[in-house]
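S.K.: The annotation Zn(2+) binding site is assigned in Swiss-Prot to Cys146, Cys149, Cys159, Cys162. The ATP binding site annotation in Swiss-Prot covers Lys335 and is backed by sequence analysis. What Swiss-Prot records for 15-25 is motif ''HIGH' region'. The motif ''KMSKS' region' annotation in Swiss-Prot covers 332-336.
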Amino acid sequence: MTESIKKILVTCALPYANGPIHLGHMLEHIQADIWVRYQRMRGHEVYFICADDAHGTAIMLKAEKSGINPEKMIEEINQQHQNDFSGFLISYDHYYSTHSDENRELSVAIYQRLKAKGHIKKRAISQLYDPEKKLFLPDRFVKGTCPKCQAPNQYGDNCEACGSTYSSTELIAPKSEVSGATPVIRESEHFFFDLPAFTGMLTQWIHSGALQEQVANKMQTWLTSGLRQWDITRDTPYFGFEIPDAPDKYFYVWLDAPIGYMGSFKNFCDKKENVSFDEFWQTDTKTELYHFIGKDIVYFHSLFWPAVLEGSDFRKPTNLFVHGYITVNGAKMSKSRGTFIEASDYLKHLDPDCLRYYYAAKLSSHIDDIDLNLEDFVQRVNADLVNKVVNLAARNASFINKKFAGILSKELADSELYFTFVQAGLRIANAYHARETSKAIREIMALADLANRYVDEQAPWVLAKKEVDEAKLQSVCSMGIHLFRILMTYLKPVLPALSERSEAFLNTELTWDSINEPLLNHEIKPFKALFNRIDNDKIVAMLKC
């Protein structure tokens, strides 16, 4: 590598610890994992961190309904989440929880730094209170009639019918979603983070050129309309961290959740002698920090989070990498339509590399939604991975193994074609780095077409019938194996399981920097099936789960 080695910290948004991982979640974790694996292949020092977001009223109420304490519930869900991510070959260096000593200490320290600098304000607010559950109701736990358009059955913060936003205390005829009781209005003293004080810094960040254009434009809209102080308080009963010197007051989950990136990394660093937490989080750091997130949480990550970090003397993210939503067969994931697919149900029936490939073939650096069309999914995986890539190895390896004891030719049959494949590596590398994964896949599949055309034109099955052409047969089939090796090297960030099986077959590690040299006079292993075609019956079985 000519590029200097970078130190990079990468995170995904923290999954909420009140339910299973589904294929919508997996888009982000697969996108980030492909980028991380590519950066590692190029020699960079990358740490890939995540955790469960384990606080909040929703978790407290679900645990109560399940008859267990919240700590036990989040521990069980954390293990399920880790199993799902491991099943999809997400290469986390560390996966933790926001309900940790490290996160508590960092949350308190950040709050105290903000308070010392005058960035924490205090005032009384009016909230809806459930008199039966003795609970202040979050916006999502109360429904009523929209005060703007009179649409019934709307949540306490915004109307899905007319798009208006409002305070829950403005709802007409509100009802608690927890108990069904009619809530009453009560006052409570809350702490606020003075977000407007950071308008200048956030404006500079928007115009730095680092952020995705769509993100910068959205931030500009929010800044133009004016920022408001952010309520970081929740009242007891609540599952989270208590605010120092404020009895019965807790940090709002959206304060300690992003601090969970730091808490998870701190726990990781404390177990490693050669990784420094401060090096990655101090304000003058030379390291890079990237957050992969969905478009639904841009507001928190582009405004609140960098302002909190700035105000507490920690570094800000180098960039936010934002993606869109997943639809299935053109519509929102739905339990009633059978398209709400849990990660664990997918893994019971299908290879994780199939979904990794399909998402990769559609992902870009933009914030567009991606459709998981199950018919197209089957067709594309079978056509690209089975027919084009794996078949390239199979149709050539049979001759090499049978006639030449697994030894590749001493000479390169077509050096011009070989170096066409090598030179394509720069375009593919640039696409991976820029998160234009679909562009990388298009480039790779165009090469796969070239490789198969070469084999078709050389017709080794015809050469095999002419004993005088054995040297040419070995050379042609070896060329097919060389091209398969390059293709699999380029696909390695996307297809870790298939890459590992391919490395065993090729009897060599797939590294980006080694493809300049073909495997001349090299012994390959006997060919075994590398990848199975997707059967429609497996899709049907998965949807029935």
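Residue 1 is the first one shown; counting continues down the chain.
Cβ from N, Cα, C; glycine included.
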S.K.: Determine, for the Zn(2+) site, the additional residues of the same chain whose CB lies within 8 Å of the mean position of the CB atoms of Cys146, Cys149, Cys159, Cys162; present them in sequence order.
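M.R.: Residues close to the Zn(2+) site, other than Cys146, Cys149, Cys159, Cys162: Pro147, Lys148, Gln150, Ala151, Gln154, Glu160, Ala161, Gly163, Ser164.
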S.K.: Using C-alpha atoms, which one of the binding-site residues Cys146, Cys149, Cys159, Cys162 comes nearest to Lys335 (ATP binding site)?
M.R.: Cys159
S.K.: Count the Cβ atoms, other than its own, that fall within 10 Å of the Cβ of Cys149 (Zn(2+) binding site), considering every protein chain shown.
M.R.: 12
S.K.: Which one is it: of the binding-site residues Cys146, Cys159, Cys162, which Cβ has the fewest other Cβ atoms within 10 Å in this structure?
M.R.: Cys162
S.K.: Just to be sure I understand, if DSSP states are collapsed into helix, strand and coil, how many residues of the motif ''KMSKS' region' (332-336) fall in each?
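M.R.: The motif ''KMSKS' region' (332-336) comes out at 0 helix, 1 strand, 4 coil.
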S.K.: Suppose we draw a 10 Å sphere around the Cβ of Lys335 (ATP binding site). How many other Cβ atoms does it contain, all chains included?
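M.R.: Counting Cβ neighbours of Lys335 (ATP binding site) within 10 Å gives 8.
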